[in-house]
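According to TrEMBL, the protein carries these features:
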type	residues	note
ACT_SITE	HIS146	active site, proton acceptor
BINDING	CYS154, CYS157, CYS195, CYS200	Zn(2+) binding site
DOMAIN	28-291	domain 'Deacetylase sirtuin-type'
Amino acid sequence: MIVRQLTCRGLTSQLCAAVRLNWSAPKMARPSSNLTEFREHFAKAKHIAIITGAGVSAESGVPTFRGQGGYWRKWQAQVHITQFLPSSREVGYTLLTKCKMPNPAHLAIAECESRLSKQGRSVVIITQNIDELHHSAGSKHVYEIHGSLFKTRCMSCGEVKANHKSPICPALEGKGEPDSSSKDARIPVEHLPRCDRSGCNGLLRPHVVWFGETLDSDILTAVEQELEICDLCLVFNPAAMFASQVAGRGVPVAEFNMECTPATNGAFPLYHFEGPCGVTLTPALERHESEAI
């Protein structure tokens, strides 16, 4: 499987490029926007994979970073593993703590997961997002392939813990507001956040995948297993890196996005629904008339 070889270089763009290079199946016809037809597939599906990216969280106010006006255009958020910019965690954390509420798309996914589980059907969420908004909405079966900004990992002992402190340490007080005119915070290493595990005192880092790092192999193995059994796939761009391998098995794929993408025009989706996810997804996942519960 190609997903085992992926590293976090440019995140979505590189992941998608890697898949496109390995995707040789014949192109399909232009996708349909017929919701009724999609709902027929939805009614029959037993194992639904939902692959989400920044587009799902944008309606909660979470910056997409890459788009027009995105924060990556004016703030160095692309932290490479060879760097350690403690301000980068505070920048992201400050942004996300202002966007705590899941939006209708998150809630629709969580409700669908809960409802279908009572019918012996499964919904799995595979997300690039590090905002934990799927969890906040109530989703249980979530794979965070890029980690979570609300967890820390010790660089010495490797312990991963939830951490919602803001600032994460006193030295980072006031260092979390992104400002294009600001310089990176230069903080003495002895003042950086430390592991509180007995006898450790190692340096803490965000539990997220930085540029140049390999994605977690255990998570990728679990994701591969889910994709091998799913019989319906919903994808929210930019998060299309696994969808083509699913389409290669003949599984229906539905793309939800604010605009058309290269994938829309024949790369893999059978369906394409254009517009805000909170608007398009709710009717797509609501209770089907055939459902007993």
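In case you wondered, yes, glycine gets a Cβ from its N, Cα and C as well.
Annotated features, which come from TrEMBL, shown on the structure.
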| residue | record | Cβ within 10 Å |
| --- | --- | --- |
| HIS146 | active site, proton acceptor | 21 |
| CYS154 | Zn(2+) binding site | 21 |
| CYS157 | Zn(2+) binding site | 12 |
| CYS195 | Zn(2+) binding site | 20 |
| CYS200 | Zn(2+) binding site | 14 |
Cβ-centroid neighbourhood (8 Å) of the Zn(2+) site, CYS154, CYS157, CYS195, CYS200 excluded:
MET155, SER156, GLY158, GLU159, ARG194, ARG197, ASN201, GLY202, LEU204
Closest of CYS154, CYS157, CYS195, CYS200 to HIS146 (active site, proton acceptor), Cα positions, binding-site residues only:
CYS154
